[in-house]
Amino acid sequence: MVQLVGSLRKELADSLSTSKVLVVGAGGIGCELLKNLVLTGFKNIEVIDLDTIDVSNLNRQFLFQKKHVGKSKAQVAKESALQFSPSANITAYHDSIMNPDYNVEFFKSFILVMNALDNRAARNHVNRMCLAADIPLIESGTAGYLGQVTVIKKGMTECYECQPKPAQKTFPGCTIRNTPSEPIHCIVWAKYLFNQLFGEEDADQDVSPDTADPEASWNPEETAARATAAEMDGDVKRVSTKQWARSNKYDAIKLFNKLFKDDIMYLLTMDKLWKKRKAPTPLDWQQLENTGCFPEESSGSGLKDQQVLGVWGYCKLFQESVETLHSLLDEKGDGAELVWDKDDPPSMDFVTAAANLRMYIFSMNMKSRFDVKSMAGNIIPAIATTNAVIAGLIVLEGLKILAGELESCRTIFLNKCPNLRKKLLVPCILDPPVANCYVCASKPEVSVKVNVHKTTVLSLQDKILKERFGMVAPDVQIEDGKGTILISSEEGETEANNNKFLSDFGIRNGSRLQADDFLQDYTLLINVLHTEELERDVEFEVVGEAPDKAPPPQNNQGEGYGITNGNKDSAQPSTSSKVPADDDDVMVVDSDDADAEASSSSAAVTSTTKRKHSDAETGESSTKRPRTDQSSAEATPDDSDDDIIALD
């Protein structure tokens with residue numbers, strides 16, 4: 001007869017008390033997960049999170065209270081979880097999991113790792129560390145009502161990076177600066193403007209009209225004359241935005257007229273831009289004030305943040321926020337900089353006002369502060385019940401692993417509405433590793449197109465190896481028979497190479513580079529393909545099945561989603577084309593909402609072949625076919641308002 005301890009077999013219950021597990025992240029999912037683990041009987045837990053508690057966390061991260069604001073999430077989560085099980089041994093780290101101290105040996109000390117992260121870079125890193133340590137990883141994420149849990153095991157399943165994931169969406173600089181056509185363009189511009197005025201200036205975030213816009217090409221002599229005329233009209237010299245603002249002591253009205261009148265008048269001189277577009281309409285503070293026809297009108301009902309002000313309302317908000325931010329800057333002293341934070345009221349007021357004024361100028365419908373904050377902070381609403389369901393599923397998959405039943409583990413999707421079989425939770429069999437994955441293949445290799453005469457060693461290190469391929473501290477040598485060291489992770493060894501071009505080291509079409517990250521125990525061979533035909537503002541292109549070559553989202557959305565944790569970074573690894581047996585269903589939920597209207601975050605789509613599924617709310621895609629038998633599905637409407645990019 002099977003002995004039970006609570007709801008678990010005695011052997012499994014005993015295993016929990018001795019098994020050492022790692023929880024990465026102590027946020028929405030992490031809090032629920034930590035509570036579940038101690039209540040299930042896990043006794044040896046380590047939790048790591050670099051973040052501190054913010055008041056905006058309190059509505060869904062129930063291990064935290066108002067008195068904890070500003071304190072370490074990991075430490076407070078530990079203290080709160082111990083109240084559920086005082087006998088548990090919990091170690092908390094207020095640190096980044098990407099710190100070199102947490103090396104492969106550190107990961108090998110655990111029997112299981114559970115991710116509760118909210119960004120792709122950290123997920124990539126933990127994925128590689130678990131592969132190097134040969135430790136099972138349970139990956140998870142949520143996005144509103146959607147959620148997903150999957151298991152990753154070296155040699156048995158796809159890793160987190162096996163399947164393509166769309167690169168973060170960006171926009172050409174000339175679109176942001178000259179011809180915005182969507183609200184998100186204006187919001188990006190406003191965030192750039194914040195940095196140009198109050199934060200760290202970045203040449204790539206210039207907000208002035210872009211005279212190099214190829215669409216605006218004109219006669220150079222005429223250009224000079226028009227530019228001079230525009231500058232005289234606005235009494236503005238073409239200097240850096242911050243320099244100009246300082247010289248005018250951050251006068252909000254002068255700043256307003258420069259940004260929304262003079263710069264717009266300058267744009268209007270670029271005739272070719274407006275032949276097929278509606279030209280922008282400049283705003284003049286004095287004229288607006290004198291007309292007196294802009295009362296503090298607002299549209300929309302409900303909370304103040306969800307109302308849309310009138311033009312004059314945003315003018316006054318712009319003035320107030322500039323004055324407040326200037327005061328904060330003065331308090332910090334000379335050379336100080338502010339950092340934009342979506343939870344900082346003056347910063348959010350500034351971006352809301354500046355973005356909406358630009359929307360008005362370019363004939364777009366203005367947005368509420370709530371909408372602007374959602375797009376500017378790339379926020380997908382976090383829902384406590386979704387986090388709770390996903391945290392429970394993580395523990396269930398963990399119990400299978402500890403029971404030695406890895407073959408019964410599944411990827412499980414949580415949907416917003418029940419499908420036609422009245423299921424909210426849809427399990428799918430895990431796929432085997434992808435043979436040409438550039439992370440978990442036996443010999444990872446990738447081909448990259450670059451212009452070797454224009455790409456610097458620093459760009460190779462920062463933008464290709466670190467940003468694109470997720471390395472932390474890469475060492476690179478050229479396979480030229482000499483073992484020439486191009487990049488060293490040892491500080492100062494190869495800094496002299498940083499600003500040199502790849503061609504300066506004899507790198508040409510067909511050259512091979514070996515990149516090693518000893519922290520991740522990861523080696524990647526890079527085939528260099530020289531090209532001079534990259535698109536404007538594109539520094540390199542990855543060839544083949546690399547993530548930035550992910551296919552575009554399908555019109556019909558599936559139950560398999562690219563999942564996030566209140567963030568746009570996908571948490572889904574891969575998914576399977578195989579249909580599991582009926583007894584693998586995790587839960588059947590009967591709901592009166594079975595016929596509820598399909599939304600951008602829910603749908604039921606089925607197919608008998610493997611195909612891409614995309615989450616309209618996040619733009620991420622997955623290849624897992626959800627487990628359903630229907631041949632028809634609810635359609636998901638295309639919502640153009642969901643065009644959101646990660647800005648932070």
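Note that Cβ sites are derived from N, Cα and C of the backbone, with glycine treated the same way.
TrEMBL labels come from automatic prediction, so no person has curated them.
Per TrEMBL, these features apply:
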| type | residues | note |
| --- | --- | --- |
| BINDING | Cys159, Cys162, Cys437, Cys440 | Zn(2+) binding site |
| COMPBIAS | 564-578 | compositional bias 'Polar residues' |
| COMPBIAS | 597-607 | compositional bias 'Low complexity' |
| CROSSLNK | Lys165 | SUMO1 cross-link |
| CROSSLNK | Lys191 | SUMO cross-link |
| CROSSLNK | Lys237 | SUMO1 cross-link |
| CROSSLNK | Lys258 | SUMO cross-link |
| CROSSLNK | Lys416 | SUMO1 cross-link |
| CROSSLNK | Lys624 | SUMO cross-link |
| DOMAIN | 448-535 | domain 'Ubiquitin/SUMO-activating enzyme ubiquitin-like' |
Spatially closest candidate among Lys191, Lys258, Lys416, the listed recorded sites, to Cys162 (Zn(2+) binding site) (Cα to Cα): Lys416
Inter-residue Cα distance where the pair is Cys440 (Zn(2+) binding site) and Lys165 (SUMO1 cross-link), in Å: 16
Length of the line joining the Cα atoms of Lys191 (SUMO cross-link) and Cys440 (Zn(2+) binding site), in Å: 38
Among Cys159, Cys162, Cys440 [binding-site residues], residue with fewest other Cβ within 10 Å: Cys440
Rounded Cα-Cα span from Cys437 (Zn(2+) binding site) to Lys416 (SUMO1 cross-link), Å: 31
Entries of Cys159, Cys437, Cys440 which, being binding-site residues, have CA atoms within 10 angstroms of Lys258 (SUMO cross-link): none
Rounded mean pLDDT for the residues that make up the domain 'Ubiquitin/SUMO-activating enzyme ubiquitin-like' (448-535): 92
